[in-house]
Structures are given as C-alpha cells and as structure tokens.
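Here you go, one structure.
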Amino acid sequence: VQKIEMEDKVISPEKAEEAKLKARYPHLGQKPGGSDFLRKRLQKGYARVWIPDPEEVWKSAELLKDYKPGDKVLQLRLEEGKDLEYCLDPKTKELPPLRNPDILVGENDLTALSYLHEPAVLHNLKVRFIDSKLIYTYCGIVLVAINPYEQLPIYGEDIINAYSGQNMGDMDPHIFAVAEEAYKQMARDERNQSIIVSGESGAGKTVSAKYAMRYFATVSGSASEANVEEKVLASNPIMESIGNAKTTRNDNSSRFGKYIEIGFDKRYRIIGANMRTYLLEKSRVVFQAEEERNYHIFYQLCASAALPEFKTLRLGNADYFHYTKQGGSPVIDGVDDAKEMVNTRQACTLLGISDSYQMGIFRILAGILHLGNVEFASRDSDSCTIPPKHDPLTIFCDLMGVEYEEMAHWLCHRKLATATETYIKPISKLHAINARDALAKHIYANLFNWIVDHVNKALHSTIKQHSFIGVLDIYGFETFEINSFEQFCINYANEKLQQQFNMHVFKLEQEEYMKEQIPWTLIDFYDNQPCINLIEAKMGILDLLDEECKMPKGSDDTWAQKLYNTHLNKCALFEKPRLSNKAFIIKHFADKVEYQCEGFLEKNKDTVYEEQIKVLKSSKFKLLPELFQDEEKVLSPTSATPSGRVPLSRTAVKPAKARPGQTSKEHKKTVGHQFRNSLHLLMETLNATTPHYVRCIKPNDFKFPFTFDEKRAVQQLRACGVLETIRISAAGFPSRWTYQEFFSRYRVLMKQRDVLGDRKQTCKNVLEKLILDKDKYQFGKTKIFFRAGQVAYLEKIRADKLRAACIRIQKTIRGWLMRKKYMRMRKAAITIQRYVRGYQARCYAKFLRRTRAAITIQKFHRMYVVRKRYQCMRDATIALQALLRGYMARNKYQMMLREHKSIIIQKHVRGWLARVHYRRTLKAIVYLQCCYRRMMAKRELKKLKIEARSVERYKKLHIGLENKIMQLQRKIDEQNKEYKSLLEKLNSLEITYSTETERLRSDVERLRMSEEEAKNATNRVLSLQEEIAKLRKELHQTQSEKKTIEEWADKYKHETEQLVSELKDQNTLLKTEKEELNRRIHDQAKEITEAMEKKLVEETKQLELDLNDERLRYQNLLNEFSRLEERYDDLKDEMNLMASIPKPGHKRTDSTHSSNESEYTFSSEITEAEDLPLRMEEPSEKKAPLDMSLFLKLQKRVTELEQEKQSLQDELDRKEEQALRAKAKEEERPPIRGAELEYESLKRQELESENKKLKNELNELQKALTETRSPEVTAPGAPAYRVLLDQLTSVSEELEVRKEEVLILRSQLVSQKEAIQPKDTMTDSTILLEDVQKMKDKGEIAQAYIGLKETNRLLESQLQSQKKSHENELESLRGEIQSLKEENNRQQQLLAQNLQLPPEARIEASLQHEITRLTNENLDLMEQLEKQDKTVRKLKKQLKVFAKKIGELEVGQMENISPGQIIDEPIRPVNIPRKEKDFQGMLEYKKEDEQKLVKNLILELKPRGVAVNLIPGLPAYILFMCVRHADYLNDDQKVRSLLTSTINGIKKVLKKRGDDFETVSFWLSNTCRFLHCLKQYSGEEGFMKHNTPRQNEHCLTNFDLAEYRQVLSDLAIQIYQQLVRVLENILQPMIVSGMLEHETIQGVSGVKPTGLRKRTSSIADEGTYTLDSIIRQLNSFHSVMCQHGMDPELIKQVVKQMFYIIGAVTLNNLLLRKDMCSWSKGMQIRYNVSQLEEWLRDKNLMNSGAKETLEPLIQAAQLLQVKKKTDEDAEAICSMCNALTTAQIVKVLNLYTPVNEFEERVLVSFIRTIQVWLYLFIKNHVAICNKPFDEPKQYVLLFQKGERFLWIYVLLYVNCARFCPREGAILAI
C-alpha cells in the first residue's frame, strides 16, 4: 500500500522541471500581452504555438481549428505533419506560448523578439547555432556564447581590426564586441570595467577570457617598450599548465577561479596586470576520477623527462606515478605535452622567471610525483613504517634537500603537545597515506601561490595605473551525483554573482525608463538574498561549519545534526533528504542541490602536520622555505587571505612576529571563512566597476561539433541568468523604437494626410489608430516602448498591407501583359491561318494519292515481317524451355542433398554445445559457493578480531588523561583571556600614540616646502620610530615573561600571580610614560603647526610676488611683439619714402613683384644679420671713402638713445609698480598722485621734443643722402651705404620705441585720471588742458584725441583680460587648496591604516608611500617643464618668423633699387635685336648653394602653389637640369651629393607631412617624373629608343646613374604605398556608412525590430557619411592627382586601389553583419556600385580595371537578390559567383536574413547543395586546367570566359611560358 501511495505522488521529471520554472519565473508562464491577447490571436485561426515535449523540450505546432473561449482542447499540427490534440490545464487555463514571426527568428539580440519566453529563446539560439553556425548571441546586456567544439576562423587580427572602434550593435555579436564596449566605456566614462565570464565546465569560459585579453593586448598596445601585452598573454599558458586539467566534460578545464585586472595608463595603453585566484582544487593533485587527469604540468614534465636538464629529476612515464595514473587517461587527443612544456617554459622566461627558478619549480613538482609513490607497511592496526631505503622517498628527500630519516619518521608519526609534555604517537597506515596526500596538496598549493605572486610581480608596472578592465573567469553552477565542499563553495559564489547580475539588469532597465520619462512600475524580480543568508549569515551553514571545526571532537555527523536543528523546518530553502542523515539540500537559484556532509570538516580545516612542514622549512633547497615563508604571512592574525590562495590585497602586509612556541592553529582561518572574505572583496570590486556579462553554454556532453542538446541548453539558460534578463524585459516594454525608425518601418501603414512634419506626433497618431489599448505602448522622449507581442502584431499588419499591395500590382501588370500578348498573338494567328489553310488543302490532295499507294505496299510487307518474327520466336522458346527445365532439376537435387547433410551436422553440434554449457554452469556454481563461503568466513573472523580488540579498555586508560588535558586547556584559556585584555589595552595606547605621531608626520609632509624641512620631518619621524621600537622591545620582554607564566602555570601558581601583579605595575608605569610622551608630542605639534602656518603664509606671499613678476614678463613680451610689428610698418613706410624720391632717367619697378614671387614658397630662415656677411663678400670694383664724421655722430647719437631708452624703461617699470600699489592706498596718497601726474606730463613733453629732434635729424640725413650724387658712395654695395642704412634702421627702431613709450605713458595718464578722487580731477584736468594748449596744431590735437580713444579701448580690453586672468588664478588657487585638503585627508587615512600595521610593515609602507609621492611630484614637475619648454619654443619660432619677414622685406626693397636708379645721366632706350639662343637644358649652381636648392625646391615648397601657378613637375625638371650641369662639369662628387640630398629631402618631407594626400601625391608625381628623366637621358634603352636626335644630344655623357635609378624607383614605390595608406585612412570611415548603412534609395529597406543592442540607423544624420561623401572624396583625390601632373597609368592604378579598398571593406563588413544580408540591402549595394561605375565613366577610367575590383561585391549583392530554392538556382549561383570563394558564398547564405514577411529564409539543405556544387565545379575546372594547350587561342578563350582565379593561375603557371614567356609572366604577375 505504501508503495502504491508513493507512486501516486511521483511526478514526471518534465512536470517537476516545469513547476520549478513557473515558481522561479512567474511571468514566463503568462504570455506577453496577457491571456486576452493570446485568445485574440488564437481566435483568428492562423497561429503557431510552442508546446512542451519530453525530448526536444519545446515543439512547434500550428493551430488547425479556431480557438473559442471555453475550449479544453486545441487542434494542432506539428511541423513533421502529425496532428495532435493539446489539452489545456483545467486549473490555470493557460494557453501555449506563441511563436515569433519568421523575420524575427535568428536575431542577434534575444530581446528583439516580440514574444519573450523560454521556447523563443531556445529556438533562436538553436537556429543561429545549427543553421547559421553563429556561436554568439546577445541577450540584452549578456553575450551568450555556445561552445562549437571546433576551431573557427573568427579570432584573427583582421577580425579584431574590424571590431575595433565599432559600436556594439553595429556588428554581429562577438566576444570582441564586448571587449571593445568595455574598452570604449573605460575611456569614455573614466570608470573601471569588468567582464564576467561564467558557465559550466567545458562551456568555453577560459577560451572566451583568453580572447578578450588578446583583444585588449592587440587594440591598446603597451605604454612602454617592455611588451606588456605579450606578458599578459604569456600568463595564460603558465596558469593553464598549473591550474587546468582534463575532466570528463572538458579537456582543458580550469580548476580554479581567476580575476585578472588589466591596467591602463591615461592614454589607455596596457601597462600591467594583476591576477587573483580563488579555490584551487587541491584534491586533484592526489586523486583523479576515471577518464580524468591531474594538472597538465605533471604530464608535461613526464613527457619532457628525456631532456638533459631533467635527468636529475629522475622522472619517467606518467603511468609510473601514482598521482598521474589514477584516471587511466594520461594522453589528450591532439595535444603534445612536450610542446606544451616548451610553451610553458618560454612563457616563464618572458615573465622574468629565471632558469634557476624554473628548475626549482620543476624540482618541487617532481618531488610531489615521487612523494605519491611512497608506500607504507603496517606494523599493527595503529602504526606503520616505510621500508628502509625506499627509492621514492629517497628521491623526494634528495630533490627537496631534507633528511631522509626525519621525513620518514614524521610521515609515520605525529606529535601531540600538552601544557606539560609532548607525545609522539605513531599513526596507522590509512592516516599516514592521508597525511602524505595532505602534504602533497599543501606543497602544490603553496607552489601555485608562489607562481601566481611572481606572475603578478612580472606584470606589475611602475607607471601609475589610471584605470583597469577586469576579466573574471569563474566556475559556473555545478551539481553532480555526489556534491561535496568544492561544489558548495562554487554554488555559493554563483549565488553572489547572480544577485549582482540581477541587481545590475534591474538597474539598467529602470534607468532606461527614467531617462525616457515614461511611467514605470517596479518589477518583482527574483532575489536570492535568503539563500545567501542561509549560507553566510550568523548561525548560517558556514558559521556552523567553522564552529564545528573548532570543537575537539567535531565530526561531519554532529555538524549535520546542528544544521538540522538550526535550519530544518525554519528555512524554506533548507531541506533534509528522506533516506540520509549525512546530507542536506539547498534550493539554489538554478536548482536544488544535495550535499554530502562527509569530508566537509576535513576540507574546511585543510590541516597539515606541523612537523612535516618544519622538516621542509629546514631544507637546503632555497626555493622550498620561500613557499612556507609566504604561508606564515598568510596564517598571521593580520592577514585574512586563504591558505593556498593568492591574497586579494594589492600590497603584501607583513604580520607581527608570533610568540615562540605559538602554533598557527589558534589564528588559522578555515577555508570557508577565507573563501567568504575573498568573495566579498571580489563583489566589492565588481560593484565598483561597470560589468559586462558573457554566459558560456555547453551544447552537448559529448563534445560533438555544432550539435545542440535542447535539454542541456535549457538547464544552463535557467542557471546562468539569461531567462531572468528575458523575464525582466518581458515584464515591462521590451521592444523599443526611435521615432525615425518607427516611421521608416511602418510608413506603409500611414496615409498621406497622416504624415506630418513632426515625426513624433505622426507616430502617436498612427499608433492610436492601430493599437487601441494604450497600455500596450508608451511614448518616451526619443523612443516608443511596446509591450511584448505588439511588434509582432504590427509586423503582421505591415505584411498584410504589403501583400495586398503586391497582389494589386501583380494583378494589374499581369492583366496588361496578357492583353498585349493576346492582341499580338491574335494578329499573328490570323495571318498564319490564311497561309496555312491553303497549304494544307494542297497537301491534303497529295496525301490522299500517296496514302492509297502506301497502304498496298504496307499490306504485303507487314505480312512478311510478321511471319518471319513468329518463326524466330517459336524456335527460341523451345530451346529456352529445354535449358531451363534441366537447370531447375539439377538445382532441386543439390538443395535436397545439402539439407540432408546439414541436418546431420546440426545434430552433433547442438549436442556438443549443450554438454559444454552444462559443464560451465556447474563450474560457475561451485566457484560461487566457494566465494560466498570464504566471504562469510572472513566476516566472522573480522567480528572476532573486533571483539578481541575492544575500544572500552582504551577509553578507561585515557579517561584520566583527557580530564587533565581539559583542565590544562581551561587554565590556558583563562591566562589567554588575561593576556588578551592586557594586550588590547597596550594596543589601544599604542594606537593613540601612533595616531598622534603619524598625524604630525602627515602635517610635516604636507606642509613642507623645501628640502631641509622634509629632512627635519624625516629625522623627527625616525626619532619617534626609535621610541616606538624601544616600547616594542619592552612589549616583547613582557611577552616573554608572560610565556614563562604560561609554561609553568601548574607548578608555580603563586609565582604567576606575583608576575601578573608586576606586569600590572609595569603597565601603569607605561601608561604614565605614554601620557607624558603624548603631552610632549602634543606641545611639539602645536609649535610645529604654528611655525608651519607662518611659513605657509610667507611662502604664499612669495608665490604671489613671483606670479606678478611672471605677469610683467609676459606683458613685456607682448610689448616687444607689438613693437616689432610697428617697426616693420614704419620701416616699410620709410623705404617707400626713400624710393619715391624722383631720379632722372629712372622708372620705378613694381613693389609687389618680390612678394608675388614668394607667395607659394616658404620664407628663408636667413636673417638680416646672417645675410650681411654674404653681401659683404659680393665683389665691388670701386670702394669710396667713408664719411667718418657722419658715422661717429650717428653712432654717438645711437648710444645716447639707448641710454635714454634704458632709463625710460626703468622709469616705466617703477611707474607700473607704483600704479599697482596705488590701488590699495588711494585714500592715503591723493596729493602724491597729482605730483606723479605732473611729472608724467613733463616727461611726455620731453619725449615729444626728443621725437621732434629725431625727426629733424632723420630729414637732414635723407637730404644728405639725396644731395650726394656720387654712385660710389650711394651704391647699394658700397660700405658707406650699408653703414648708413644700418644706422638708419637703428634710429627708426628707436623712434618706434619712443612712440610706444609715449602711448604707454598716455594710457597710464588716462587710467590714473579715472582712478583719482574728484578734487584731484581738477588738477589733472588743468594739466591736461595745458598739454592741449601746447598742441597748437589742429592735426596734432585730433591725432591726440584719436590716440586717447584707442588707448581707452586698449586699456579696457587689457583690464577685462586681466580680470579674467585674476579670476582664473583665483579658481586655480582654490583648486589647489581643495587638492591640498584632499591630500591631507588621504594622508590621514594612510596614517590610520599604517598605525594598524606592525612596526616592520609600517616602516615599509611609509617608505613606499614616500617614494610614490615623490615619483608623482617628479612626474608633475616634468609635465610643467615640458609645457614651459613648448611655450618658449613657440615664442622663439614666432620671433624668428617676424625677424625673417622683416629681413626679407628689407632685402627685397633694397634689391628693387637697382644701380640704374643711382646713375646721374639718363639712358636712352636702344632697340637691340635678340639673337635666337640655343639653350643647353642645364641649370648652373654652386656647390655651397645646394642646400638652398634642396630647401626651396623640396623642403619648403608648397604643392598647391606649384600645381596652380607653375608647371606640374617643375621641381623634377629643375633637379634634372642641375644633374645635367654637374654631368657636364664631370663632377661626380657634385652629382652624388645632389642626388643624395634630393632623396633625403623627399624622405624628410614625406616623414614630416606624410599624412597629407596632396603632399604625397605631389612628390609621387615629381619622383616619377625625375625618374623618367633619368631613364630617358641616362642610358635606359627602353626610353632612349623613342628619343629624337635633339633629345639624344642632351643625354648624360659622363655618368651612368643606374644605381640611383634603382634607389629612386624604390623610393617611388614607397611613396605609392604611403599614398595608398593615406587614402585608405581617409576613405575607411566613410565606406561602411556610405556603402552599407545609408539608404541611398529611400524606403527600400525598412529597419527591423532591434533589441537593447541598437544597430546604427540607416537614416542619415548630420555627422554620418553618405555615398555622395565618398564620390566627393574620390573627385578630390582625382583632381589633386591631375593637377600634380601624375602619370595617367599611375592615376589608374591609384583609382583601382581605391576601388579595391572600397569593395574589400564593404564586403568584409557585409560578411560580419547579419543585419546587412537582405534582399533590399543587395539592391542598395548594386545601386551604390552603379554610381561608382558612373563616376568611372565620367573620368574616362573604365579601362583602369577598377570596376573588376568591385566584382566580388557585385556578386555578393546579386547573391542576396537571386532566388535560393532549387538545384537550378544552386547551379546558377555557382556559375554567377565566380569571384567569391566557397566560404564567402556559404557565409552570405548563412547570414541572409529576411526583412519582410514575404521573404523566405535560405534552407540548410540548399546551403549543403551549394557546397557540393562548388566542390564539383572547382574539381572539374582544375582537371580542365591540367590539360596542355597547344595554341594561345585556347588560353585566351578560357580567360575570356571569366573562369575562376584559381584556374587562371594554374593555366598561367603551367602553360603560358611555353608560347609567350614574357607576356605570360607579366600577365601572371
């Protein structure tokens, strides 16, 4: 009866799974849009639904009969054609989920589906994975990655470059897209990022994380030359070798979790990385299940045992060692462990692990293997021993450098220590084996941590880290038949990660709605906090486990009972199995998991015998003690990191020294506690970053490529949070459209009157008509939000509208065509009938005559033929009957004979078999009886032995001993409590003392302004540290005294009490001393603070004074700049004045001539001072005597003017300082201001009189120059003329300085006039009135008035600029104060942290902090220095430019005054007939002018000026003429120097302006022109044979420049490649947007529904590129090349290259974007290509071969548009797409996505057919190509037929050289 009741309660697994899913996802059971929406859809008759299926999870079916409310059964038809009656649940009456429209199937983003539920998600993933071979899919913010179990070509450098810089929704889903999004958000948002990769073992987590890191390393590069990105990638093989192993599910399973932080600098280049690891599976070192392996490194060692350096390790085959042979599968298919060992060692070397350390690591690993082979022999039940001279142990001891006897002893014994004595107890064989395995695990775990530490050190960067991206590769949710402590920790970690994931998804959803300002109701999402509380809260599972581990006799059973008592029936998530008292069940977010309690305590304690560790610490092998030194740090009270795990903190913290004799057990934290702490730190890190999620799915358990198991996929989807994302999206508004996208898609549903100018209002009006229920959609600021299912409804309406429109169009066109055809046929038929009927009548008469004759002939012939046939058939039949009857008789006889013999054989064989079977059965029965009796006897013997060895006797013996131990333990605890209380008091005092000390130290560091103060502060800190060290010494003495009390507690109790009292006295003394010290320190702190504040105020004042000085210097520079400009204008006026003096017989030249000549050339860098010696060297035939009196007078006057200038400048500086001070003291000094104004007015009068004197002297000097008519004196080259000109220049300069000073004084007068009080205004006005009265001339008064107005404006602008600068300086000072405050707070925090550290660590941390601070200050100072250097260089360049301009203008104007202007007598013009000159085509130049030639022709030449105003190729022609002249002189040194300088100059220009297309094109044209000139005139036969005799006369006669021609040819090739790179960089951003994304033909392609990952809209925005942008750019390139006179063939080649780039980039992006592979997009591409072809026709470039480069793109567009159904279509595609490869064709067909309802998908069977056709096509044509060709005609015919490139290449390679070697080779190239 009980069995029957249980069977009634049993639920099928499918229903249980469904019930569980409904409990977790209540919204998934309800269909989107509500049950009413489903009923409406089902009532329409046409509906496809999903129904549950036990095998496929969900099956698709079509509704056959309309659904009516109240129906209990749905009439369905499955896809395979089977009819089915689906019963609805009578309680819930829920309808089955609806299927999405076909156009939404296979979407990149699951959230783009209209119906969001589990079957839709599963089907979409399956279609993408199986049909399209796409392994990546978005699900909102999650990337779902399905393991293909096959190497795919989607991770190369080209794919990385394709995804680099792209938006996440623009390209197909990929791990690179997630990595690019994280990298972009880090740079844009200045926020750290995390990529969380999770999934089951074998799902591909490690590979996904590896590809993400490879992407960062490739895209960002490194900030130094140390190849940091290579080191980051090199850490992967090391960690895989020591942390990965083969399991039944995965050949390279990560048996630990890791979080890698990849650090970036301010320019977002990789500078380093840091790795954290979690929960290494140490048990795998000593045990492996069947078909599994140990860690890879052990097998790599065994595979490399034959290497010479490994001989000392005494390794062998993996089957020899116990630790590597348990799984029985030492080899992985396709993996060479020896090669992997080489890769591991190379990676270690790259990360800086030296060969000696590597050999040390291998030595320890080999020792672990030999340790596993150590065997034990039982002495009795409680003790064991190791055989003497045991080889494995001997090898282990030799490798580890320890004593054999000690290790052998402690492997078989353990030490029990009490307060009074220590016992050494032997252990049993089983315990010895467990201790050996624990030691091996412990050594391996420490070695693992040591390697991770060294990897982190190698990846650590000294550059300051600006941001980081973390990659978390962590284990997914696990449930096995037997789940233990490891699975418990893994699932606990997944609970925390799932909670963080849920919160993040919910937060993003909320932010989207709030940003769009739409109504939003809170979603009740699944919160797994109760499950987390069950595990980690107080009295949770981990707390109870830790408590049980502390109990002396704690066991797994007692812990299980505590769990039952605490949580059973109190927590709904905790259950107890029915048939077990040693297990418990937890309801996790993914599933229920039953955990076996056995082994929990042992794994949580992770104990190793201390004696064995001490033996290893005493090793002579240096590396081994290092491992356990790190362990001591981990086990210290100040460290909370797990043993066997890498610390999570960034910096290692040194613990305080432990007391001698203190064991680590008191402070060692359990594994569970450590894991919980590390997990909390991980969650804090993840919460502080922006997460990106990658969920890896394992498609099947058999590792079959591209095989999809629905059951396994659904389990993982439920466990990884994908369905949770779907549920949150479905609960709100999952479908989102921008208004422009909605309008573009559903424009067909609108009437013309509905279309308004406002797109938003238009969409609102249309939606109100289409969807009556307003709750189904919401209008946001930029988007429309739809409930689930509404997009499918709109798509159906749109498809119906388009279908009706198509039918109407087809109806009309077909009717018109048929009517036209009918009329044409009717007319033709009437004509044909007329002629045919006459012909038929004639033929009929002839037919009747012939018929009669034929009948007669036939009658006789048929009679003869029939008779002949009958005779033959009769004879043949008789013969066949005879033969057949004989054959059948013989066969029957043979059959009877065989049957008789077979019966006899069967009889004997069956008898023999029966006898053999009987004997075997009898033998087996006897054997079984023997085995059973032996087993029963053994059981009886065992019972007797157990009774003989009674445990009660031992218990009686040890009762007294246990009581003593408990009493001693109690006393020790009491003493510990007293000691801890005293220690806490001491610590509190020490903390307060240290706090004050460090605060003072931080103040000193913060406020120090010079090196001496820093040193003094450091000395004070060191003195304080010495005092602390003294106190610590006293503390250590106290601890030693305390230790003696503990050791002799029982014997000397009275002495203990006395020592305690003494300690109390000492503590009081210490307190008093502490208080005294604190008081002194407090006083000192006050004094230091006051002194520092005073110094700070002084330094602030000094900084303000320095700032004012810098301002004055800056103003002086500005004045100098304006002075130079004014000097330039005055000099120009003076020179024009001198040139305007009339001279008889002279005509003035155009003054603009020189400026026009240099309009498009760079100005020379030779200044006037540099050019003066060159002019001095010019030959002059006559030298006139110098007028020394005039020269000395002018020189003396210049000296006086300079002195006056200096005095005036000093006076001006003093006045400016007085003006600045007067602002603060206006009320105190009004009389002085008046006096100053009077003084300044007098000074101004003096300056004006001085100016008048200077003007008079200048006029006298000019008169003297004009009166002196001697050509020898006034000639431009004469020394007197140059001296006078210099003096004139200096005088003019001084005049300009005086003018500027007058303006400045006037401006100051005006400003001071406005600033003084009214009573002073009268005085100033009288002074100014006097000044005005002195100006008797009206022109001077007007000029002064205008000058005052300009001065007022200038002063106003200067005041405004100064006001702004003062405000900016004030803000900067406030910012500096704020930064100082923040620095102070940070220093205080650091001090507080350092005070909690022990002394050694505190000193180290302080030094580290000081080094970091100084480094940062140095970097800041270096940046400031660089900025100042840049400013100085910039100002110097400006000064040089202005000086250069002035010098050139002076030289040009001096050259315009020709000698003819100075000659007295006029020269009458004489007509001289010009003799026709025979030009030699040479250009003479001097050797010293070569640099000028190169500078003006190459370095400073502007291409645009040459191309527009001069001859194209002019530099090339000039250079060649120079070469010809050097050849004429037979000067080889000159030729070599000129050509070398030319080549270097061209390279220098291209290096400087190599990214300018115009420059590169110009020099490509000139280099080719120069090269052609050299070939034509220096011996190139191919060029010289076309020369005329005149041209041959100009050929070079002395030199053969073949080597230079080769160098120039190489240079031309380099320039061409650079030109291609430049135009590629310009075109690259335009191609995808213009060729693919932009809708050139509006309305052809509508936008499909998209998910959260939005694609780039096809609607052109203001900043997007269009096809017109590309054509405009092509026009620009072509016009530039034509202007530069580039060779037409070269232009064709460049255009061909441009079109190749356009086609290749477009095709590559088409192959990477599923959303672009549609019929409408094919039409857009073909239209765009036609526009490009039209451009080629306009430019007469159709024969350039550019069109052929677009052929693959054209064929891809045609492939998108052709029919793709039948075999004929496949054959047509194969013949049409001859420019595409098989992989490209298949890729396009796989990516083809319908945009509209009436488009059909490409079937998988059709793609298979295409592959077969392509294979046969290639095979047949290769066979054709292998045939020899006797004549070129066959080759030409085959080439003209447009065969595949492969076949052409084979033809060229095999046959072309036979009939046309030269042309064939050229064509092949």
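Glycine too: its Cβ is placed from the backbone N, Cα and C atoms.
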For the feature region 'Disordered' as recorded in TrEMBL, pick the matching range from 1050-1080, 1205-1235, 1639-1669.
1205-1235
Looking only at residues six or more beyond either end of the region 'Actin-binding' (679-701), which have a C-beta under 8 A from one in the stretch?
125, 129, 139, 141-149, 175, 178, 181-182, 185, 189, 191-200, 202-205, 208, 212, 249, 259, 276, 278, 470, 472, 476, 492-493, 496-497, 500-501, 504, 648, 707-709, 712-713, 716-717, 720-722
Within 8 Å of the Cβ centroid of the ATP site residues Gly199, Glu200, Ser201, Gly202, Ala203, Gly204, Lys205, Thr206, which other residues of the same chain have their Cβ?
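Other same-chain residues with Cβ inside the cutoff are Asn147, Asn250, Ser253, Gly476, Cys696, Lys698.
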Return the count of C-beta atoms lying within 10 angstroms of the C-beta of Gly204 (ATP binding site), excluding that atom itself.
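If we count other Cβ atoms within 10 Å of Gly204 (ATP binding site), we arrive at 25.
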By the count of other Cβ atoms within 10 Å, pick out the sparsest of the binding-site residues Gly199, Gly202.
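Each of the binding-site residues Gly199, Gly202 was scored; lowest Cβ tally within 10 Å is Gly202.
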Per DSSP, what is the residue count of the domain 'Myosin N-terminal SH3-like' (44-96) in each of helix, strand and coil?
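Summed over the domain 'Myosin N-terminal SH3-like' (44-96), the classes give 0 helix, 24 strand, 29 coil.
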Which chain-mates of Glu200 (ATP binding site) that are at least 6 residues away have a CB under 8 A from its CB, listed by sequence?
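Listed in sequence order, they are Arg249, Gly476, Phe477, Glu478, Cys696, Lys698, Gln716.
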If you count other C-beta atoms within 10 angstroms, which of the binding-site residues Ser201, Ala203, Lys205 is the most crowded?
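Ranked by Cβ atoms within 10 Å, first place goes to Lys205.
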Using DSSP, break the region 'Actin-binding' (679-701) down into helix, strand and coil residues and give each count.
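Tallying H, G and I as helix, E and B as strand, the rest coil: 9 helix, 8 strand, 6 coil.
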State the count of C-beta atoms found within 10 angstroms of the C-beta of Thr206 (ATP binding site), not counting that atom itself.
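Taking every protein chain into account, the count is 23.
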Restricting attention to the region 'Actin-binding' (679-701), give the mean pLDDT.
89
